[in-house]
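The structure appears right after this line, and notes come after that.
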Amino acid sequence: MSGGGDVNMSGGDRRKGTVKWFDTQKGFGFITPSDGGDDLFVHQSSIRSEGFRSLAAEESVEFDVEVDNSGRPKAIEVSGPDGAPVQGNSGGGGSSGGRGGFGGGGGRGGGRGGGSYGGGYGGRGSGGRGGGGGDNSCFKCGEPGHMARECSQGGGGYSGGGGGGRYGSGGGGGGGGGGLSCYSCGESGHFARDCTSGGAR
């Protein structure tokens, strides 16, 4: 039955089976039919779901079978028992956050964007300057309630700030950047981008 198009082999009766495995990120997996036979390929586009289309391993499902253009059978119209929506993988759309979800927003340290896992993996989620707490805490001193530009702690400047730590642990290290002095004029209390004197050091 190869060639023209997909052919539905169900004959009206839905088949039952169990999910063998399903890769949420890649969007496909395999179902083991209850009545025996080979495992059937299933793509996320064939899943009936009220939200994110995924399947959980060992989940009971019902499905129709269709033969694709290359003659291989695959599961389609996959649902839970009695046509109910599938339970799916509890990880949802981001597979429980995944590496891409770690860290705060972009920019300098991720503090402002706020990620549930804090500084995360450096350049990926948090920007390049040290990660931050992810919960609006200062990336210089680690205390909540203010940003680094408002920090009263000297010695950090914009040169360090630590690694942010994994999962918001605060990290350690950080360099001594010379306090809160302007790089343009050397005066304390403002940064070069806010400098009005225009003088060079």
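Cβ from N, Cα, C; glycine included.
Per Swiss-Prot, the feature compositional bias 'Gly residues' maps to 89-109. Per Swiss-Prot, the feature domain 'CSD' maps to 14-81. The N-acetylserine feature in Swiss-Prot is assigned to Ser2; the stated evidence is a large-scale study or a structure entry. Marked as region 'Disordered' by Swiss-Prot: 66-109. Annotation source Swiss-Prot lists zinc finger at 136-153, 180-197, citing sequence analysis.
Residue counts for the domain 'CSD' (14-81) under DSSP, split into helix (H, G, I), strand (E, B) and coil, are 4 helix, 35 strand, 29 coil.
Per DSSP, the zinc finger (180-197) is made up of 3 helix, 2 strand, 13 coil. Averaged over the zinc finger (136-153), the predicted model has a pLDDT of 68.
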